[in-house]
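Asks: Input: one structure, supplied below.
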């Protein structure tokens, strides 16, 4: 079993935003190495925590790490994608919760495990599946999907400056034979991107790998589905805290929270009494909470992190 050495970002800030009730019911939608789960468990007395992860490695690791809490019925691990939030909780007879935390960063363990195919720094099969039970892999996308579909993925999810060039080069190479490994794909990307652009802005394969990972795991679709359910599951005064690491996710969270906390559109001239049309939710963070300078120095992966929160009225 892989040892989780994942450093949880904005650990205390994300949990503090939930204002934990020791007897409440909580959800960690992204169990990972169990950092947020552990922090919530410390603050619970008779409360319960339901922690989700689609990654079998994370579930097995935390079954050992939190064996006592699981045996005591304080922690329930759920091996599901967080888009199954409502269904999975209903199976546990839970229909309302007091708080939910999301940490949308890919686990360091997933990046650093060369066999998972997430990283352009390790040579491995082009996999990128968070959930090993699913069939779609990055290898399937680059070898079997039409040019226009690959172009759409690179443009939409990678925010790439050269999506057409990369997609075209992938098409040319796969005509000669299948693209099987991460390093094969890295070489193709380097070949596609103009030399001056390769020398700045980080690793040239970064955005392409991000785009493929998001597509393989339908990350944005799953996030939107899950947040929609999470907002409905919140009890009055219940809270959600979300840590994002890239602009696509942050934009989605910001937009969904803004829609839920805005006044409804009303006909012009309609007499409205104060408090008559209050939104059901309020923002806890007008601007996102960012990591401290110390945290960013100690953990460079935290640099892009943003924390947002919302509360049900």
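From the backbone N, Cα and C atoms, a Cβ is placed for every residue, glycine too.
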Asks: Which one of 264-288, 289-313 shows up in Swiss-Prot as region 'Disordered'?
Replies: 289-313
Asks: Over the span of the compositional bias 'Basic and acidic residues' (297-313), count residues by DSSP class, listing helix, strand and coil in order.
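Replies: Its residues divide into 5 helix, 7 strand, 5 coil.
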Asks: Can you tell me how many other Cβ atoms are located within 10 Å of the Cβ belonging to residue 35 (S-adenosyl-L-methionine binding site)?
Replies: 21
Asks: Return the count of C-beta atoms lying within 10 angstroms of the C-beta of residue 103 (S-adenosyl-L-methionine binding site), excluding that atom itself.
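Replies: I get 26 for this one.
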